[in-house]
Amino acid sequence: MEDDDRPRKYPKLNHDEVQEGSEPVMTGAVGAVHDDDAESADSDNRASPSNDRIDNDVKQACDEEGQDAHGKDGPPTLSKNQLKKLKRKEHWEAMREQRKVKRKEKLVAKRERRRAALEQAKQEGAEATEETRKAFESTQKKFQRSTLLPVTLVLDCSYDDLMLDKERVSLGAQITRSYSDNSRAPFRSHLVVSSFNKLLKERFDTVLGKTHENWKGVRFLQEDFAEAAEMAKEWMQGPKGGQLAGVFADKADAKPEDGEIVYLSSDSPNILTELKPYSTYIIGGLVDKNRHKGICYKSAVAKGIKTAKLPIGEYIQMAHRQVLATNHVVEIMIRWLELGDWGKAFIQVIPQRKGGKLKSADHESEDQTPRESVEAVEAEPDGEGAAAEAGEGGKE
């Protein structure tokens, strides 16, 4: 056969053998490859694996740095986690009106239960009616009947930047519950929220609608816990500093200079045995799922402040580690001011899921089921409903 009669061979692609007389095929190609484009197609095909890796690396870097793959000047991109958070936030905002409706429905149901309970009490007599009325008193009326003692509880919120958004939301709900419990207690303390100057304050000012500005008997300070404790010495000695009543009734000779400042921490080697008049007790406002163990204790030691832990191990057999939420610690302290008994205070406050049981036989006759109401903070992790309720009570 003459050379001119032989069919022209097509160039091989990807080193694959092509049968003579057959049409060359490229994997993934849509149309035929012309002679002029064969060489460039072959080059592009060989370079694609490395290009894919480069694109992936660039995309990953952009996700980390918030930059677009086309350059630093491009619009920022979001990672998958950021997109999920954004969607959850959008969903949360979209459901705001529905949550408001549900809160109103709960309020109506609560009023109906109150009315039914009063009707039932009237049938049982005047004494039962009076007890029922007291049980349903508003926060303001309970606050007016409550006796202020010369003791201060400081919630240290200086760890704002160490928490995740959801943890900050949880802390906001715990502060709300702490305020509510203290306001309704028969014997209440001075309550202070220190280092209230970061993202937590922003949440209270925006999402929670500044309802905390209507709260009574609580101070929100930008100063840290050490400065707040020094300020507490002055107002506890003032004309509205509180009475030596309740558990302090037998300490009429107590002097302001005998008071102390104690930072409560489960990491402390010291055990708190009692609360003293004209003293300030600091509680770490930190929700961190054990990422920053011992940080509250270290903060107190660094400022030369005494530390102590609640005597939980002396009275309660715990199934889990002895770390409680901020509002639980506050309520335990308030219960002690009312009862003067750590065992009773612990068993009334510590959540049942922590498996707490009294060690002492002297308390076996007491109700060993912790109150369900302390779980309300976790039932409403957003804290919006709790803050609204507390704000409403403060304005009445």
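Glycine is no exception: its Cβ is also placed from the backbone N, Cα and C atoms.
Database features (Swiss-Prot):
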| type | residues | note |
| --- | --- | --- |
| COMPBIAS | 1-18 | compositional bias 'Basic and acidic residues' |
| REGION | 1-109 | region 'Disordered' |
| COMPBIAS | 52-73 | compositional bias 'Basic and acidic residues' |
| DOMAIN | 139-357 | domain 'SAM-dependent MTase TRM10-type' |
| BINDING | LEU264, SER265, GLY284, ASP288, LYS289, ASN290, ARG291, HIS292, CYS296, LEU310, GLN322, VAL323, LEU324 | S-adenosyl-L-methionine binding site |
| ACT_SITE | ASP288 | active site, proton acceptor |
| REGION | 354-396 | region 'Disordered' |
| COMPBIAS | 359-374 | compositional bias 'Basic and acidic residues' |
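Overlay of Swiss-Prot feature records on the structure.
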{"residue": "LEU264", "record": "S-adenosyl-L-methionine binding site", "CB count, 10 Å": "24"}
{"residue": "GLY284", "record": "S-adenosyl-L-methionine binding site", "CB count, 10 Å": "25"}
{"residue": "ASP288", "record": "active site, proton acceptor", "CB count, 10 Å": "15"}
{"residue": "ARG291", "record": "S-adenosyl-L-methionine binding site", "CB count, 10 Å": "11"}
{"residue": "CYS296", "record": "S-adenosyl-L-methionine binding site", "CB count, 10 Å": "25"}
{"residue": "LEU324", "record": "S-adenosyl-L-methionine binding site", "CB count, 10 Å": "23"}
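For the pair LEU264 (S-adenosyl-L-methionine binding site) and ASP288 (active site, proton acceptor), the C-alpha distance works out to 17 angstrom. Mapped onto three states, the DSSP output places LEU264 (S-adenosyl-L-methionine binding site) in strand. DSSP classifies CYS296 (S-adenosyl-L-methionine binding site) as helix under the three-state reduction. Note: the CA-CA distance between CYS296 (S-adenosyl-L-methionine binding site) and ASP288 (active site, proton acceptor) rounds to 12 Å. Secondary structure from DSSP puts LEU324 (S-adenosyl-L-methionine binding site) in coil.
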